[in-house]
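*Asks:* Feature annotation from TrEMBL assigns active site, nucleophile to 345. According to TrEMBL, the feature S-adenosyl-L-methionine binding site maps to 229, 230, 231, 232, 233, 234, 235, 250, 276, 292. Among the features that TrEMBL reports, domain 'SAM-dependent MTase RsmB/NOP-type' is placed at 129-412.
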Ligand SMILES: C[S@@+](CC[C@H](N)C(=O)[O-])C[C@H]1O[C@@H](n2cnc3c(N)ncnc32)[C@H](O)[C@@H]1O
């Protein structure tokens, strides 16, 4: 019998690569009988997505002709186990052969067996001389990242650590490392539910870089603050625990429900509005607005390796139109001299500085550069123009961080 983890991983990978569904969505859609192996299947599928180019390069010399896509998937799963997940050779080969049979690919079982046995014999020597960071990165992304491409792509090869944001007054939990920016970091693979304080809502999962935009807004007690595009609410939680009066705007009702449940668990209060932030008008202007705009999310590839497979260059072109619209809307919500933080979890240059230039050109906002003391914990993320630019290659000795761009604008 094929093993359930590999069958689930095969189904997850088919959903992502054939049906172009996000990996998280595919995980949620696993039938209940497969959900027991969810974590292991997720890890295996994520490894294949992270290392697809390398796995195909390793398989290449052993394939005389192009196998059907599902057979290639079985081979990638088997090779990932052998080369990256320390699966013993005989187990990786036997489970891949069984998987081929279970998924109606019995005529290819002999091929799977022969190819994987050869890779098992070669071991890590099969990886020698391969430029993995480059092989595992789509060409359009590599070229868009300029001189940082190799550092970013190298960081993408490893599983990301787990970062949490602490509610003010919470002591850093045991086992975590307090980062210079205030987030607490746990080793990759840590289950958040196992961290003391999680159950009582004293902390929530948020990458160290993702925690910076809300800090840079510097919300003060009593200020009226808006959080636009708010769900699942990591940034709303940060703002609400400053004592500011927070209004969170989110358009997707299912995600609003998650946001409300999260705020309740954290004991944080915000007025939650279900609306399109590009058209919603507040009853009175805000002192400050955080706009965490929808984006290509390429800054989260190390956590969501499916993004590198699913996003296309043309997606960025349509996203920047909605970013410009949301910036216009955010400007309209601010009082004179009110401040706006624009943030995106993207590594794509078009979603960063040019959006700020466009907003400034329209005349209602001016750029207010971040000062070095505001980014004391991560000075390397401050650009010469006064923007925040993080990427996974920063903090190489500490486990990196997600890719974020942020800028501050003032209503004139
Ligand atoms: C990057 S996520 C936001 C993450 C969130 N700020 C946090 O820190 O947890 C983007 C969110 O924006 C929402 N969204 C996208 N376009 C929107 C719009 N025009 N108005 C309101 N919400 C929007 C999406 O439904 C999604 O929940």
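Glycine is treated like the rest: Cβ placed from N, Cα and C.
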*Asks:* Using the alpha carbons only, what distance in Å do you get between residue 231 (S-adenosyl-L-methionine binding site) and the residue listed as 'active site, nucleophile' once rounded?
*Replies:* 14
*Asks:* Check the recorded positions 229, 231, 345 for other C-beta atoms within 10 angstroms of each C-beta and report the one with the most.
*Replies:* 345
*Asks:* Rounded to an integer, what is the Cα-Cα distance in Å between residue 276 (S-adenosyl-L-methionine binding site) and residue 345 (active site, nucleophile)?
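*Replies:* Approximately 20 Å lies between the Cα of residue 276 (S-adenosyl-L-methionine binding site) and that of residue 345 (active site, nucleophile).
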*Asks:* Using the residues the record lists for S-adenosyl-L-methionine (229, 230, 231, 232, 233, 234, 235, 250, 276, 292), what whole-number Å value is the largest Cα to Cα distance?
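*Replies:* Overall maximum Cα spacing for these binding residues reaches 19 Å.
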*Asks:* Fill in the CA-CA distance, residue 229 (S-adenosyl-L-methionine binding site) to residue 345 (active site, nucleophile), as an integer in Å.
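*Replies:* Approximately 13 Å lies between the Cα of residue 229 (S-adenosyl-L-methionine binding site) and that of residue 345 (active site, nucleophile).
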*Asks:* For residue 345 (active site, nucleophile) and residue 233 (S-adenosyl-L-methionine binding site), what Cα-Cα distance in Å is obtained after rounding to a whole number?
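*Replies:* Here the two Cα atoms lie 15 Å apart.
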*Asks:* Where's the emptiest Cβ shell within 10 Å among the binding-site residues 233, 235, 276?
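*Replies:* Per-residue Cβ counts within 10 Å for the binding-site residues 233, 235, 276 bottom out at 276.
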